[in-house]
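Feature annotations, reproduced from Swiss-Prot:
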- Arg53, Met54, Val55, Leu56, Leu57, Lys58, Tyr68, Thr69, Lys75, Gln97, Gln132, Ser133, Trp177, Arg187: FMN binding site (BINDING)
- Lys58, Tyr115, Arg119, Ser123, Arg183, Leu184, His185: substrate binding site (BINDING)
Amino acid sequence: MSANELTSGDFTESGEPFKLFAEWLKEAEVSEPNDPNAVALATVDEDGLPNVRMVLLKGFDDDGFVFYTNFESQKGREILGQKKAAMCFHWKSLRRQVRLRGPVEIVTDAEADAYFKTRARGSRIGAWASRQSRPLESRFALEKAVAEYTARYAIGEIPRPAHWSGFRIRPTSIEFWKDQKFRLHDRVEFRRPSPEGEWDKVRMYP
């Protein structure tokens with residue numbers, strides 16, 4: 001199924017960015033071969049040097065876009081330090097892209113606990129065993145840590161580590177991009193002065 005067959009209406013006429021994103025993500029779930037919720041997450045360190053990596057979007061609504069991670073990882077430390085981040089979704093099958101950026105907040109403990117319980121048991125063990133973004137002596141050292149935590153939590157529920165939780169990006173800018181012939185692409189950006197502000201829509205030159 002082509003992008004044109006999936007598209008209904010002119011997205012540049014939309015005035016609701018979260019609703020438009022939901023529609024595009026739903027279409028990506030049909031056309032993408034795997035992980036339609038994969039997104040490039042950009043952060044910056046204390047020197048202003050950027051870092052980018054792929055993560056998985058685990059939820060979104062009018063409050064923002066949520067993902068989960070180890071707060072002691074590089075991205076965790078950078079977000080806690082700068083309290084800002086950016087994301088870029090790129091769906092090749094649809095020839096579409098969505099970029100967003102804004103301040104970041106930590107999700108509630110209740111949200112983090114609820115999501116953590118949905119993860120595979122092995123993934124919950126991994127959250128304890130992996131000292132993410134730190135030097136690893138060998139694969140054996142990681143597997144040993146996994147075995148130790150597997151034994152520790154052999155019975156009962158596996159608690160969520162205090163250093164593992166979620167972030168919510170509350171965008172002040174969301175841009176929708178769609179490929180067109182001769183690189184004359186369609187671009188629409190929604191902007192607001194703060195996460196509580198009203199959206200303004202601007203059509204952009206490609």
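Any Cβ shown, glycine's included, is placed from N, Cα and C.
Sequence features annotated in Swiss-Prot and their locations in the structure.
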residue	record	DSSP class
Arg53	FMN binding site	strand
Lys58	substrate binding site	coil
Lys75	FMN binding site	helix
Arg119	substrate binding site	coil
Gln132	FMN binding site	coil
Trp177	FMN binding site	strand
His185	substrate binding site	coil
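Cβ neighbour counts within 10 Å, taken over all protein chains shown, single out Lys75 as the most crowded of the binding-site residues Lys58, Lys75, Arg119, His185. The binding-site residues Arg119, Ser123, Arg183, Leu184, His185 include none with a CA atom within 10 A of the CA of Tyr68 (FMN binding site). The 10 Å shell around the Cβ of Arg53 (FMN binding site) contains 13 further Cβ atoms across the protein chains shown. In this structure, Tyr68 (FMN binding site) is part of a beta strand by DSSP.
When the binding-site residues Tyr115, Trp177 are compared by the number of other CB atoms within 10 angstroms of each CB, Tyr115 has the fewest.
Counting every protein chain shown, the number of other Cβ atoms lying within 10 Å of the Cβ of Ser123 (substrate binding site) is 11. The record assigns Arg53, Met54, Val55, Leu56, Leu57, Lys58, Tyr68, Thr69, Lys75, Gln97, Gln132, Ser133, Trp177, Arg187 to the FMN site; their largest pairwise CA distance measures 37 Å. Sorted by the number of other CB atoms within 10 A, the binding-site residues Val55, Leu57, Leu184 start with Leu184, the lowest. Checked against His185 (substrate binding site), the binding-site residues Arg53, Val55, Leu57, Lys75, Trp177 differ in C-alpha distance, with Trp177 being the nearest. Within the same chain, residues at least 6 positions away in sequence whose Cβ sits under 8 Å from that of Arg183 (substrate binding site) are Pro206.
Cα of Arg119 (substrate binding site) to Cα of Leu57 (FMN binding site): a span of 14 Å. Rounded to a whole value, the Cα-Cα separation of Lys58 (substrate binding site) and Lys75 (FMN binding site) is 16 Å.
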